[in-house]
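**Student:** Quick one: this structure, given as structure tokens, is what I'll be asking you about.
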Amino acid sequence: MVSAFNTGRTDDVDEYIHPDYLNPATLEHGIHTGPKAFAQLVGWVRATFSEEARLEEVRIEERGPWVKAYLVLYGRHVGRLVGMPPTDRRFSGEQVHLMRIVDGKIRDHRDWPDFQGTLRQLGDPWPDDEGWRP
């Protein structure tokens, strides 16, 4: 999973993403379920935070079917982020990801990024009048 975000390579997502994959946080971006949804998420991250965006693994924990990943996202704000125009600023933000592995693949995925710290590094931008609604 981390490799996909770091390289942008998603042609192999069927190997590690379950057909019923869901990350509820992506629904507001029009990204739904399954391996193609994960590939869309990778594309969105790279379009919003640049091709230079990368995740660094801090710690990975496993308990039964659950995996908890402590990560840091590094990037540069180059695309629209919930209605906020690009600032071109660099940032790093800690994240926690919780995933359930089913049939050897990631099926359930939640993530909690540090929105407050990230926005502060981006200069605390506001959405423009267009907002984030389609």
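Every residue gets a Cβ built from N, Cα and C, even glycine.
Sharing the features that Swiss-Prot gives for it:
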ACT_SITE  ASP111  active site, proton donor/acceptor
BINDING   GLN95  nogalaviketone binding site
**Student:** How long is the line from the C-alpha of GLN95 (nogalaviketone binding site) to the C-alpha of the residue listed as 'active site, proton donor/acceptor', rounded to the nearest angstrom?
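**Tutor:** Given the Cα positions, GLN95 (nogalaviketone binding site) is 7 Å from the residue listed as 'active site, proton donor/acceptor'.
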**Student:** Using a 10 Å radius around its CB, how many other CB atoms surround the residue listed as 'active site, proton donor/acceptor'?
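**Tutor:** Taking every protein chain into account, the count is 17.
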**Student:** Provide the three-state secondary structure of GLN95 (nogalaviketone binding site) computed with DSSP.
**Tutor:** strand
**Student:** For the residue listed as 'active site, proton donor/acceptor', name the DSSP secondary structure in the helix/strand/coil scheme.
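**Tutor:** The residue in question, the residue listed as 'active site, proton donor/acceptor', is strand (DSSP, three-state).
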